[in-house]
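Swiss-Prot has this to say about the protein:
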DISULFID  CYS34-CYS229  disulfide bond
DISULFID  CYS76-CYS86  disulfide bond
DISULFID  CYS91-CYS97  disulfide bond
DISULFID  CYS145-CYS217  disulfide bond
DISULFID  CYS150-CYS200  disulfide bond
DISULFID  CYS158-CYS168  disulfide bond
DISULFID  CYS172-CYS181  disulfide bond
DISULFID  CYS182-CYS187  disulfide bond
SIGNAL    1-25  signal peptide
Amino acid sequence: MYTNMGYLTSSFIFFFLALVTYTYAATIEVRNNCPYTVWAASTPIGGGRRLDRGQTWVINAPRGTKMARIWGRTNCNFNGAGRGSCQTGDCGGVLHCTGWGKPPNTLAEYALDQFSNLDFWDISLVDGFNIPMTFAPTNPSGGKCHAIHCTANINGECPSPLRVPGGCNNPCTTFGGQQYCCTQGPCGPTKFSRFFKQRCPNAYSYPQDDPTSLFTCPSGSTNYRVVFCP
């Protein structure tokens, strides 16, 4: 009986530790430093949260999370049931997002515990730009594991064809076609993607902009911070 209880206790402890490891593979702190309210959004985990100036939202991302996005929504109005709309980044008219936001929106993207035990992460302007952003490991380890940012005045300098209320849209949404959307094989930069790249060289400016825009950190030992208006 004693042996069985010891086995069960050890099994429970192992299960508990495995569960904690799974649940807290990475902590992502989202902070709003903008002088206005930002309605932060996060998929596939997190949903959404109103962040007034100086407020922070902590997201616990499980191991293996991928195709994940964090972005900010602006000029939103929601009722008590969490339904409404946003000028930029709207995700189907709900506070707690389950799908991606409507462009333009500056994106922090990540995938945890992928190839070679690495986290992959980036800032993307493929969906356009609405809010300045930094995305950084809280414990950088050198190499490709360091802070990146996109803080240029893109909204103020946005080319006329891409200008929309509250942001600077992306050429795929604006014009469509393989040249801008890269949906049918290889593609290269355009004058519009170069506009974004010149101002935010660490960020994706078009879908195949991987060499200068994708960053990695060791899985399981790295936490992250996203800051709006750093």
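Cβ atoms are placed via backbone N, Cα and C, with glycine included.
Keep in mind that what you see is a predicted model, and the values were worked out from it rather than measured.
Structure coloured by features recorded in Swiss-Prot.
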residue: CYS34; record: disulfide bond; Cβ within 10 Å: 19
residue: CYS76; record: disulfide bond; Cβ within 10 Å: 20
residue: CYS91; record: disulfide bond; Cβ within 10 Å: 23
residue: CYS97; record: disulfide bond; Cβ within 10 Å: 23
residue: CYS150; record: disulfide bond; Cβ within 10 Å: 25
residue: CYS158; record: disulfide bond; Cβ within 10 Å: 20
residue: CYS172; record: disulfide bond; Cβ within 10 Å: 22
residue: CYS182; record: disulfide bond; Cβ within 10 Å: 18
residue: CYS187; record: disulfide bond; Cβ within 10 Å: 17
residue: CYS200; record: disulfide bond; Cβ within 10 Å: 24
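CYS187 (disulfide bond) sits 35 Å from CYS76 (disulfide bond), taking the Cα positions as reference.
CYS217 (disulfide bond) carries a strand DSSP state (E or B). Within 10 Å of CYS172 (disulfide bond), as judged by C-alpha distances, the disulfide-bonded residues found are CYS182; the full candidate list was CYS97, CYS150, CYS158, CYS182, CYS217, CYS229. Ranked by Cα separation from CYS181 (disulfide bond), the disulfide-bonded residues CYS86, CYS168, CYS200, CYS217 are led by CYS168. Secondary structure from DSSP puts CYS76 (disulfide bond) in a beta strand. According to its DSSP assignment, CYS182 (disulfide bond) is coil.
CYS86 (disulfide bond) sits 18 Å from CYS229 (disulfide bond), taking the C-alpha atoms as the reference points. Around CYS168 (disulfide bond), the C-beta neighbours below 8 angstroms that are at least 6 residues distant in the chain are PRO104, GLY128, PHE129, ASN130, ILE154, ASN155, CYS158, PRO159, LEU162. Of the disulfide-bonded residues CYS86, CYS229, CYS86 has the largest number of other Cβ atoms within 10 Å of its own Cβ.
Taking every protein chain shown into account, CYS145, CYS181, CYS217 are the disulfide-bonded residues, and of these the Cβ with the most other Cβ atoms within 10 Å belongs to CYS217. Cα-Cα distance from CYS91 (disulfide bond) to CYS76 (disulfide bond): 11 Å (rounded to the nearest whole number). When the CA atoms are compared, no disulfide-bonded residues among the candidates CYS34, CYS145, CYS200, CYS217 lie within 10 A of CYS182 (disulfide bond).
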